[in-house]
Every structure is written in C-alpha cells, then in structure tokens.
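Per TrEMBL, the features are as follows:
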- Gly52, Ala54, Val55, Asn59, Ser283, Asn315, Leu435, Ser439: Na(+) binding site (BINDING)
- 46-63: transmembrane segment (TRANSMEM)
- 69-93: transmembrane segment (TRANSMEM)
- 114-146: transmembrane segment (TRANSMEM)
- 200-221: transmembrane segment (TRANSMEM)
- 233-252: transmembrane segment (TRANSMEM)
- 272-297: transmembrane segment (TRANSMEM)
- 309-330: transmembrane segment (TRANSMEM)
- 423-444: transmembrane segment (TRANSMEM)
- 465-490: transmembrane segment (TRANSMEM)
- 496-516: transmembrane segment (TRANSMEM)
- 536-560: transmembrane segment (TRANSMEM)
- 589-611: transmembrane segment (TRANSMEM)
Amino acid sequence: MYQKHNLVRLIFIPSDLGLCTSVLKQEMGKDAGPEERPKWDNKAQYLLTCIGFAVGIGNVWRFPYLCQIYGGGAFLIPYLIALVFEGLPLLFLELAVGQRLRKGSVGVWKTINPVIGGVGIGCLIVSFLVGVFYNTILAWVLWYFFHSFQEPLPWSTCPLNESRTDYNLECKKSTPVNYFWYRETLNITPDIEISGSVEWGMVICLASAWCIVYICFIKGIDSMGKAVYVTSTFPYLVLTIFLIRALTLPGATDGLLYLFTPDWQTLKNPRVWLDAATQIFFSLSVAFGGLISFSSYNEEKNNCERDAVLVGVINSATSLYASIPVFSILGFKATTALNACKDENILALTNHFEFSDQNITLQNYDYWYEYLNTTYPGKFQSLSLRECDLQKLLKQVLTPSYSTGLAFIVFTEAVISMPGSQVWAVLFFVMLFSLGLSSMFGNIEGVLSPLNELKLLPRWIPKELTSAIICLISFLVALLFTLSSGNYWVEVFNGYVGSVPLLIIALFEIIGVIYFRGMKTFSDDIYIMTGKRPNIFWKACWMVISPLLLLVVFVAYVIVQAQTRPTYQAWNPDYEKFPETEQKLYPDWVFAIIILLCVVPVISIPLVALYQLLRGRFRKSSVGMELNPYDNDAFVTDTQEQKTQRA
C-alpha cells in the first residue's frame, strides 16, 4: 500500500503533468524491453522468403544425383518417408515456436528455458560458417556467368601451350571443361597441404557476391522482402524454359527413363535410407535459425501449420521438377557421347574393311557391328573398337563423386553442344545465383537476429552498419577459399559443418519445445495461432518418431564416418591415372579441424546448460533481504515483455 501512495505522490506533485508524463515515458522506455518487431508487408513475402531459403542449389543437383546412384525412382520411397516423419514436423515446430514467441533463435530458446539457450548460439555459428562457404559457390557462379558471354565459350576448347605449337597438355589429357574448372577457375593445387597463391579474379567475384548480398539485406526484411519477389520466382521461370528446351533434345527420353526406372534392390542398402533422411533434413534448412526468425515477423494469428506443409511440399516438388530438365540434358549429353563413340568406330571399320563412305551410318551401326563381329571375328577383335553402351555412358555422366563442382563440370559440358550455348549458359548461371542468393538471406538472418538478441553490438549502431560488419567479416574469412587449395576447404566445410551439428541442434530443438515448454503448452500456443490444436500425427512425430529418427540418423552417420578415415579427391596432373582424381587421406591437422567444425557449433549447448545450472545453484537468494520503503528502486515492476510472456 505504501508503495502505491509513494508512486502517486511522485506523479502528481509536479505542476506540469504533461511534462512529467513525457519524462516518465522516456525513463520507462529505457527498460521497456526490445523495440517492436518488424513485420512482413504481406503473406506472399513471408512464404517466398521461406521457400527461397529452403530451395537452394542442392535441390537442382544433389537430389538428382542421389536418385541416379540409388536406383532412380526407388529412392523416392525413403525420401518421402523422411519428408513426412522428419522434415515436415521439424519445419512446423520451428515456424510455430518462432511465430508464437516472436523472437530469433537465441531469444526463443532462452525464453523457453535458459538451460537450452545454447541451441540458439549453435544456430548462429552454423549459419555463419555455412554462409561463409556458400557465398563462395556464388562467387564461382559469377565467374562462370561473366565468361558465358564469350564466343566460343571458354570451356569449349583447349588453350594453346606456352610455345603455341600444340594444345595445353593437361587439357588434352582431361577435357576442356575440366581444365577450365580446375585450372582456369580454381588453379587448384595437387594437395590440400599446398595452399598456393590467392586467385585475385576469384577475390573480385567473392567481393561482388558479398556486395550483392549486402545490398539485398541492407534494410533487413524491408529490402529482403522486395528482393525475394525476383530471387525466389526467377529460378522456376528458368527451370521451365530449360524443361521445354531439354525435352526436345535427342536422348532426353533415355535420360528420363534412367532417372525414373526403379532399382528395388537398392532399398536393401542402409546407406540409401541414411542419405534420404539427411537430404530432406538439410534441404528444408531446418536448425539454421533462419526459419525461426522469419516466422517471428508474422502476425500472431497465422496458420503456421499450413505454411509448413506448403513450404515442405514445394521444396520437394522443386527437387522433382528440377530433375526432369537436368536428366533430359544429361541424356542428351550421353547420346552425344554415344554418337561420337559410334562415329569413331565407323571410321575404323570403314578404313579396315575398305567400305565406301556412308555405307555404315549411325542408323545401321548396330547391324553392321553384329554382322562383322560374327563374320570376321579375328579381324574385328584386332581393331580394339570402343564399347558404345548408352547405359554405361549415362552412368559415366554422373560417375564423379558429388561435389560442389559437379554443376560446373557436368552441365557446362552438356551446354556446349546445345544450339545458342551462350544463352543457355547465361540463363543457367543466373538461375543458380538466384537460388543461392535467396538461401543466403536465411543464413544472414540466422546470424544477425541472434547477435541482436545477445546484445553483442550497441543498440545505437544502425542495421545497415551491422549488416556491413557481418558481410565484411564473412568476406575476410572466405578469403581462405580463394587460395589455390580453396576448393578442398569448401569441400571440408560443406561435408562437415552442415551434417552432425544440424542433427544435434534439431534434436535439442524438439527436446526443448516438447519436454521443456511442454506438449500441452505448445498445443495451446498452436491453438492460439491457428484456432485448432495439433492432431495426433504431429504429436506422435514430435514426442517419439522425429527425435527417434534423428537419433538413429545421427548414430548411423557417426558409425559410417568412423569406419574409415576421411578422404578427398585431389586434381593431380602427375597422377598415373590422370585425368581421374586422386583419392588422398586428410592430414592429421586437417582431420583435427574437421573435428572442430563438428564440435564447435554445438559445444555451446552443454556449456550454456552447465552455466545456467551452476548459476541457479550458487546465486545468492534475495528473498530475505529487507526492502527500503523510501527507495522506489527497491520495488521492481514487471516490464512489458514479462507481462506479455506471463499472459
């Protein structure tokens, strides 16, 4: 009672009530909590941003590659199972918790329980590390884009040697496409321990890529929301153009048959199920923190369940949609190689058996091949003709182990033979850049939002300067990838930063929401936002199926990785089997860095939990302290944020 009287006396003693009210508002504003959170202009901006973040370069190349090596259509079975029981529940959980608590990845988990506050820090570290190497891929895209305007395309022919008397020997041993990628673009060293020099052309492309990211993100969601109208929709336009053109190419049908013909025996391989689970998990971009931040800019009354299903289905449908033009073009590439093989054999047969020109053609090649092999087996075998098998050539198209350079080797070689190759090359690399740029928005948001919530930067620093600092630091770190050995380090980051850490973070996200916040409270949260409670399917996935599946995938991944020492593929012109890549073991110090990349992003989870538990145990209790009735500071009122949380 005394406290209330004292407060009233403070308010009404001054003669100028308006002035006092203004002063009180200013004083109270200092501790009133965070400023009002920005909002999306409309629902389309939000959905396009989430779709752009989820759909990336991996949808265009990683998914078709997995379909090819794991039995075509048979791979869709474990993929869809993983989507339903792992991907969609995690996506729904992140969108719901971000929208309800209206905070970024750090604020959400600190609000639920400070013990799991390290989950948000883990999201921040993963988003930063992934953004650093992911934008390097965009720098490579810009490099190819700038060279796509040349006539002829620079990767279509070998350059001359230094004496200008013959073609470059390394290029002759491999192919013009491989030479342009490994030598002209990367100038790669034969070993990861040989750093080489900085490639200044790549530095310029990297700086350009980060400048574009900064310009699009300079105003936060205000500028990013405008950019996604282009970056999230343009790839679908280009994919449609490629689809129409690719289906008209010779051999397109063979490529599609190879893609969708199922090999059911592959389902017995446990590695198929493991790769399907990890593919859908990483494809949806969960556990990065970006989706939590994006959903926090929504209105509280929004159907986040429908949003999660929509984003997840569109993401998977995009992977299937992109596979059609990709495999049509690869079928065309294999058919072109088949015809070249047959032409070489036709020339050898015509000269040896002294046939007239045009006697043996591509149309009657199979007949003459079988006839001569049966009639003159001795002479026929002495020719050592090449084996021209379409199925083997289709396998050779995607034989190189999947890497970040696959798009820059396989497709660029196919586009050379397409009429108007410059136009198709430009369209392809603009599409790749749009896909990567929209994914970068989520990575940058996954860094900036937690930094603001951790209050590591003063509030007076404007958003534009904060974004510039993050982009500049990321650019300086990414200079590692502009070295001649940079491609090897991109492979290291790509293979290990986005694997074990994300699995662990996602597992603790489910534990935090379901077992710290509680299933009942979370169901009430969803009821407030959507007007209905989650059904039994969502509850079963969150409480049992999804965490169990994540745990199984994590254990299986660790077992598979622990069976053999990590290796990498080196481009070594002195290798005896060149132009095949040389498989090498990672040195001990690189292996130590790999372990750090797996551990550092998630070490914050146990450290923060331990700190909070010790802090709660040893913090001095102030319950018995005597309050001074004459000191207004002794009576602490609830902040607006605390009232909102309690409500």
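Placed from the backbone N, Cα and C atoms, the Cβ positions cover glycine too.
The transmembrane segment (465-490) is in contact with the transmembrane segment (114-146), judged by 3+ CB-CB distances under 8 Å for residue pairs 6 or more apart in sequence. Contact between the transmembrane segment (496-516) and the transmembrane segment (114-146) is supported by 3 or more Cβ pairs under 8 Å, counting only residues 6 or more apart in sequence. Taking pairs at least six residues apart, the transmembrane segment (536-560) and the transmembrane segment (114-146) share fewer than three Cβ pairs below 8 Å and do not count as touching. Remark: Leu435 (Na(+) binding site) has Val55, Gly56, Ile57, Asn59, Val60, Thr231, Pro235 as non-local neighbours, by Cβ distance under 8 Å and separation of at least 6 in sequence. Residues 258-267, 269, 272-273, 275-277, 279-281, 283-284, 286-287, 291, 304-305, 308-309, 311-312, 316, 398, 506, 509-510, 513, 538, 541-542, 545-546, 549-550, 553 of the same chain lie 6+ residues outside the transmembrane segment (69-93) yet bring a C-beta within less than 8 angstroms of a C-beta in it. A simple way to gauge crowding: the CB of Ser283 (Na(+) binding site) has 24 other CB atoms within 10 angstroms, across all the protein chains here. Counting Cβ atoms from all protein chains shown, Val55 (Na(+) binding site) has 27 others lying within 10 Å of its own Cβ. Counting Cβ pairs under 8 Å to the transmembrane segment (233-252), the top-ranked stretch among 46-63, 114-146, 200-221, 272-297, 423-444 is 423-444. Within the same chain, residues at least 6 positions away in sequence whose Cβ sits under 8 Å from that of Ser439 (Na(+) binding site) are Gly52, Phe53, Val55, Gly56, Ile57, Tyr134, Ser285. Sequence-distant contacts of Ala54 (Na(+) binding site), defined as residues of its own chain at least six apart whose C-beta falls under 8 angstroms from its C-beta, comprise Ser283, Leu284, Ser285, Val311, Gly312, Ile314, Asn315. Ranked by number of Cβ pairs under 8 Å to the transmembrane segment (200-221), the listed stretches 46-63, 114-146, 272-297, 423-444 are led by 114-146. A simple way to gauge crowding: the CB of Gly52 (Na(+) binding site) has 27 other CB atoms within 10 angstroms, across all the protein chains here.
Here the listed stretches are 46-63, 272-297, 423-444, and the one with the most C-beta pairs under 8 angstroms to the transmembrane segment (114-146) is 423-444.
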